[in-house]
Amino acid sequence: MTTAPLPTETAPAPASRPRNFTRWLSTTDHKDIGMMYLALGALFFLIGGVEVLMMRLQLARPGNTLLQATTYNEFFTLHGTTMIFLAVMPILLGFSNYLLPLQIGAKDMAFPRLNAFGFWLTAFGGVILYLSLLEGPPDAGWFAYAPLSERPFSSSLGTDFWAAALLMMGMGTTLTALNIIITTVRYRAVGMGLWKMPLFSWMVFVNSFIIAFALPSLSAALIMLEVDRALGGRFFQGGGSPVLWQHYFWLFGHPEVYIMVLPAWGIISEVIPVFSRKPIFGYKFVAGSTLAIAVLSFAVYAHHMFAVGFARPVNLAFAASTMLIAIPTGIKVTNWVATLWKGSIRLTVPMLYAIAFIVQFTFGGITGVSFAVLPIDWQLTDSYYVVAHFHYVLMGGTLFALLSGLHFYFPKMTGRMLSEGFGKIAFWMITLGFNGVFLVQHALGMMGMPRRVYTYPDLPGWGALNLFSTVSAFVLALGLVLTLINIVISWRLGRIAGDNPWGAWTLEWATTSPPPKGNFVRLPPVKSSRPLWDLAHPEDPDHQRPPRHDQQGHIRPEERNHER
Amino acid sequence: MSDNPASIPPIPRVSQALDVSRLPLPPGHMDASPRSNGFWGMAVFLVTDTVIFLLLLVANIYLRRYSQGPAQGALDPGTTVWFSLGLWASSGALVLADVFRKQAKLSGLLYLLTAALGLVFLYGQAQEYLHLNAQGATVDADLFFTGFYTLTGLHGLHVAFGALALLVTGALRFGGHLGRGREGFTAGLGLYWHFVDAVWVALFLLLYVWGGP
């Protein structure tokens, strides 16, 4: 056997690839497609951010007249659709695309051209959505509740553009999920059993099954909506059932929450062990609880419809299932915290985001459970409490995890480090800004402020809290702009990263940064979930480790203070 | 923190070893080979497709009990079964084509025949639509027909797309332009076509034959 020396931290600057624009149009390399997804997501994140800043300006003081009511409706519809389908999902698909083949030791996805096709479908979907600006944008909210989204109440073509865009993007996402499933099943490195995959790959893999079952539900609903709107069908109007739209939409919509948050959890599960210098606590529980979430995410969908007026047993069943889903989620949070416990914690920027994620996501999860209690839900539904809750989950949870992943994987993707100083300033602005925006909205919701209103009367406290929320939104936006500047500057001028700047143990860190075409020149042997640890510590590899507990179930003394 | 090992021993490139669809196969042993990527990719895609058809079917079954317009009786299963037989027969032609392909015999004409039978079905469906519309059973006339046109229309689109792909496959195979490297594509297309046929069995029974709840 020949051996190859590992490049050290003083590796030469990454060779620049040919700067040829058409390369990006025709590429089928999963890394290029991943980067394109990330860029697409960042672009639309900016657009969606500008939209929400306009909304926050309008809400800054009572009785404001900056935006008209209809304009405000269009803004929140575009903001919701853009953020979910064009910002968060492309960014997480970007991470999945980039990292999954690297983590499992494959050279590319199973269907590289289908992968590129999925990206372009998503991108064209975004173009179609924003072409609606020429015809009058959609204004029925991102759930497009029928009959509000039907022709008589939403007569511009905006909703048709919206439906077409979502159909395209949904198809692109489904094809990518299919690709991920086949890639994971067939292209894992020799020795990498399912239970040895890195946790990010695990969650993306399970996530793809959720996508495969959830997004068709959206497609079916959109087809029905378009049959109604374009051909005069009667699914949701003229004797049809508006509640049917809600069923199908939320049968997609609730799993969608987990579609957005599972890869984020995967990133957190990668970041926390690395910066605690410990293996993840309870690997199998972190991975396995994902399966429970995948099943339960469909079983809870009608908790979005408690106010529709179902029979009591139906409501109770969905309330119970909603509380049940807190268990696998809690298992994950517990395991992350247990990983931090007695670790040698390094407070780098990715780790800061990960810790903020745990705090904020837990808070959002708890307010989520409060909605499972029917009387509370009836009281608070469609108030700003809901807005605060889902932003705590989707922004405090997903966005913070994505930012953590961005800072963590930037060296792998570009070969250069992001500036820590810039990163820390941006982190504090984003964290304080975010909590400033949404923490007070819980109070506003409990005081009765309804969501989706373009203005409000000058009731005691409402004006001050809303102003605080608006100012915080601008602090948050500034922090995000600072992050973007950090990325642009560090891409050219950042410190050279080397292969494994963080000292991580999964396969993607075994190749160069950025990885070459085909990803690996040679793969290390995979015998446990941390192949690089096994290589670095032949005297103490994971796969030869005796059980941590003795026969009586006590932790063996030599395990107690053992840094793994 | 520099725990990196000094060296990494080489191992064979795994992804290449696993990519069975590109491995050369001994002649006459195609049946024993593992399924290709194309087959499994199509299988997952069809699962998602099944969910769409299932949900549309559920919507139709749920809504038809509130139907007050022209009844389901406007449909004529007796005529429909004739052009449906064309579609079902095409699955038989496809089975034969796949057998020929696996024995490395000429299969191009059989793929073209499969596509042609699919086009017969589409012609029949177009005639049926015209007939129904003339009777006033249009999309906007009735809850039942909204679902009926959506389901059969979506299925018709599937047939049209599959027939097109089969025409291309047949023509390429006829000219000898589809080699061993593309077996996965043909296998996936075959699975797709059988699925579309099976969906039509379900749609025919539930829309034309079954009277509803």
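Each residue, glycine too, has its Cβ placed from N, Cα and C.
Caution: TrEMBL annotation is automatic and unverified by curators.
Note that this is a predicted model, so its numbers are computed, not measured.
Within the model, the domain 'Cytochrome oxidase subunit I profile' (A:24-527) shows a mean pLDDT value of 94, rounded to a whole number. Look at TrEMBL and you will find A:24-527 tagged as domain 'Cytochrome oxidase subunit I profile'.
If you look up TrEMBL, you'll see A:33-55 (among others) marked as transmembrane segment.
Residues annotated as transmembrane segment in TrEMBL: A:75-102 (among others).
Per TrEMBL, transmembrane segment is recorded for A:114-133 (among others).
What TrEMBL lists as transmembrane segment is A:161-187 (among others).
Marked as transmembrane segment by TrEMBL: A:199-225 (among others).
Per TrEMBL, the feature transmembrane segment maps to A:245-268 (among others). Beyond the transmembrane segment (A:245-268), the same-chain residues lying 6 or more positions past its ends with a Cβ under 8 Å from any Cβ of the stretch are 84, 88-89, 92, 95-96, 143-146, 149, 199-204, 206-207, 210-211, 213-215, 217-218, 220-221, 224-225, 235-236, 290, 293-294, 297-298, 300-305, 308, 332, 336, 354, 357-358, 390, 393-394, 397-398, 401-402, 404-405, 408.
The transmembrane segment annotation in TrEMBL covers A:280-302 (among others). Under 8 Å from some Cβ of the transmembrane segment (A:280-302) lie the Cβ atoms of residues 195, 197, 199, 202-203, 206-207, 209-210, 213-214, 247, 250-251, 253-255, 257-258, 262, 265, 269, 272-273, 310, 314, 318, 321-322, 324-325, 327-329, 331-332, 335-336, 338-339, 341, 529, all in the same chain and six or more residues away from its ends.
Using a Cβ-Cβ cut-off under 8 Å and counting only residues 6 or more beyond its ends in the same chain, the transmembrane segment (A:314-331) has close neighbours at 282, 285-286, 289-290, 292-293, 296-297, 299-303, 306, 365, 368-369, 371-374. Residues or ranges marked as transmembrane segment in TrEMBL: A:314-331 (among others).
According to TrEMBL, the transmembrane segment annotation covers A:352-376 (among others).
As annotated by TrEMBL, transmembrane segment applies to A:388-410 (among others).
Annotation comment: TrEMBL describes A:422-444 (among others) as transmembrane segment.
Residues 42, 45-46, 49, 52-53, 56-57, 59-62, 403, 406, 410, 418-419, 422-423, 425-430, 432-438, 440-441, 443-444, 456 of the same chain sit 6 or more residues outside the transmembrane segment (A:464-489) yet have a Cβ under 8 Å from a Cβ within it. As annotated by TrEMBL, transmembrane segment applies to A:464-489 (among others).
Annotation source TrEMBL lists region 'Disordered' at A:531-564.
Annotation source TrEMBL lists compositional bias 'Basic and acidic residues' at A:536-564.
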(message) Using a threshold of three or more Cβ pairs below 8 Å, and leaving out pairs closer than 6 in sequence, do the transmembrane segment (A:422-444) and the transmembrane segment (A:352-376) count as in contact?
(response) yes
(message) I'd like to know if the transmembrane segment (A:33-55) touches the transmembrane segment (A:114-133) in this structure, counting it as a touch only when three or more C-beta pairs sit under 8 Å and are separated by 6 or more positions.
(response) yes
(message) Should anything in the same chain at least six residues away from the transmembrane segment (A:75-102) have a Cβ under 8 Å from its Cβ atoms, list it; otherwise answer none.
(response) 30-31, 33-38, 40-42, 44-45, 47-48, 51-52, 54-55, 67, 108-109, 115, 118, 122, 125-126, 129, 137-142, 158, 162, 165-166, 169, 173, 176, 180, 183-184, 187, 200-201, 204-205, 207, 256, 259-260, 263-264, 267, 394, 398-399, 402, 405, 409, 412-413, 452, 507-508, 511, 515, 519
